[in-house]
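Copied from TrEMBL, the annotated features are:
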- 17-39: repeat 'ANK' (REPEAT)
- 52-84: repeat 'ANK' (REPEAT)
- 85-117: repeat 'ANK' (REPEAT)
- 118-150: repeat 'ANK' (REPEAT)
- 184-216: repeat 'ANK' (REPEAT)
- 217-249: repeat 'ANK' (REPEAT)
- 325-392: domain 'Death' (DOMAIN)
Amino acid sequence: MLMLVRAGADQRAKNQDGMNALHFAAQSNNVRIVEYLIQDLHLKDLDQPDEKGRTPFLLAAERGHVEMIEKLIFLELHTSEKDKEGNTALHLAAKHGHSSVVRLLLPDREEMNETNENGETPFFLAVTGGHEECCKVLLAAGSDINIPNKLNVSALQIATQSGHASLVSLLLSENVDLHRNGEPKESPLHLAVINNHVTVVNSLLSAQHDTNILNQRQQTPLHVAADLGNVELVETLLKAGCDLKVVDKHGKTALAVASRGNHSLIVDMLIKAERYYAWREKHSENVRDPTTNFPLTFKQDHSQETKHIRSLLWHLAYHQLKASKWQKLARSWDFTEDQIRAIEEQWSGKDSFREHGYRALLIWLHGTLMMQDTPVKHLYEELVRTGFPELAAGGCTEEDWKKF
């Protein structure tokens with residue numbers, strides 16, 4: 001540079017982006033060049049914004065150059081000015097995860113909760129970038145975690161949508177507002193479900209997020225999970241005790257949504273849950289917790305403990321139940337008409353009734369196990385009671401009964 005200056009180079013030259021020598025020196029952390037320009041050549045007038053409105057100080061903050069920032073502060077070239085997007089030095093440092101720079105800039109706490117043109121605070125930008133350490137530094141300094149941006153999106157929603165589980169936990173530990181007024185299209189729980197962030201969903205549920213909160217389409221998180229056919233999240237939400245009767249703007253329950261989407265596994269899970277919680281409500285004073293052999297789950301049963309009874313039910317459904325007979329059996333077991341229709345909607349041909357019957361029998365088995373009843377004995381009694389003595393005799397032999 002010394003040679004260029006001696007050769008008569010324009011010391012105040014700019015490129016097409018409006019950047020001069022001081023901008024480049026600050027951006028590249030070249031402290032010696034900055035000292036030469038300011039202390040030897042006395043070119044303090046180089047401290048100007050570029051075409052994006054960024055001064056050398058803002059560029060140093062954006063790049064995370066602590067040494068350069070300290071030098072510019074010493075030379076009185078630091079500024080609280082914003083770039084053309086409304087970002088302060090603290091915004092830029094937080095956005096790019098430069099926690100050391102954030103610490104250095106925080107003594108000027110007036111800027112801590114300032115918003116840029118998009119309504120974003122430094123903390124909001126740190127969350128958007130997934131910069132946990134920056135978030136912790138800003139939180140310790142007293143940043144407001146509940147300031148939404150101009151689109152009314154909160155930091156929690158950003159962290160949830162991105163699946164930053166540790167950041168979500170951090171926000172929840174700081175008593176972030178879970179249910180804000182003027183909620184945008186999706187709540188944090190909706191966003192976690194949509195993006196299949198199971199860990200985040202569990203964190204939100206542990207923090208008592210409303211399981212029945214509605215989005216703009218009047219859908220609960222369960223509606224969304226059912227529509228996506230997501231078995232794991234449907235299971236999680238069902239165990240959380242969400243309301244199964246809520247209807248969306250089209251008047252559909254989660255069961256109807258799953259049925260329309262041809263998600264047979266989800267349909268069966270939802271029917272199991274409807275029947276289980278109805279039974280619990282009816283027998284609330286006498287309900288026993290499920291045994292350790294049959295912990296609460298609504299998923300398809302593949303356990304060794306029920307392998308034999310499931311094979312009996314399969315034989316019953318595929319070799320003995322006639323068309324339309326499974327519906328009679330289901331009604332006798334208090335299946336609702338909506339539940340029967342939901343099963344029937346998964347149509348695979350003229351023999352669909354066999355699969356439908358087997359599914360209904362497995363749903364019945366789930367309820368029997370949850371009630372801690374003896375399934376084979378109960379099945380025999382139910383078949384006789386409902387007018388199918390020939391099935392009771394043919395479906396389970398004397399040897400079968402003795403195995404239970």
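Quick reminder: no glycine exception, Cβ is built from N, Cα and C everywhere.
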Task: Same-chain residues near the repeat 'ANK' (17-39), Cβ under 8 Å, at least 6 residues beyond its ends - done: 1-2, 11, 46-52, 54, 56-57, 59-60, 62-63, 65, 67-68, 71-72, 75, 77
TODO: With DSSP as the yardstick, break the repeat 'ANK' (17-39) down into helix, strand and coil residue counts.
DONE: 16 helix, 0 strand, 7 coil
Open item on the list: Please count the residues of the domain 'Death' (325-392) that DSSP assigns to helix (H, G, I), strand (E, B) and coil.
Closed with: 50 helix, 0 strand, 18 coil
